[in-house]
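> Okay, these came from Swiss-Prot:
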| type | residues | note |
| --- | --- | --- |
| DOMAIN | 9-107 | domain 'PTS EIIA type-3' |
| MOD_RES | His83 | phosphohistidine |
| ACT_SITE | His83 | active site, tele-phosphohistidine intermediate |
Amino acid sequence: MEQMKITNLTDEQISFQLILHSGNARSCIIQSLRAYKEGKKDEADALIAKAEQDLSAAHDIHFQMIQKESGGEATAFSLLLMHAEDHLMSTLSMKELVKEMLDLFKTKNI
């Protein structure tokens, strides 16, 4: 996935990009668990990989925001940005939990 540059985006557009990528990742993570339940283990792994790509894109955007602010360009606080960051962090936590669950299921042949 090509890295998106945030230099020409508004703060709202940046927030929506974070929400978009973390939302896509969250959907893939949930679909992965459902695929595994249906016995589609390869599909489950592919969905986790897709989720990781979206999370990587979101992380890149977030990192650019941090770099921008550390360079002296302040980021305005907004409820939308707070929601976007919450969405990203909860999706990262969900991914780690589901990956651990899938590893456990595989280890126990469930």
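Note that Cβ sites are derived from N, Cα and C of the backbone, with glycine treated the same way.
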> Kindly assign His83 (phosphohistidine) to one of the three DSSP-derived states: helix, strand or coil.
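The residue in question, His83 (phosphohistidine), is helix (DSSP, three-state).
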> Restricting attention to the domain 'PTS EIIA type-3' (9-107), give the mean pLDDT.
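So the average pLDDT across the domain 'PTS EIIA type-3' (9-107) works out to 96.
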> Tally of helix, strand and coil residues over the domain 'PTS EIIA type-3' (9-107) according to DSSP?
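Helix, strand and coil residues of the domain 'PTS EIIA type-3' (9-107) number 86 helix, 0 strand, 13 coil.
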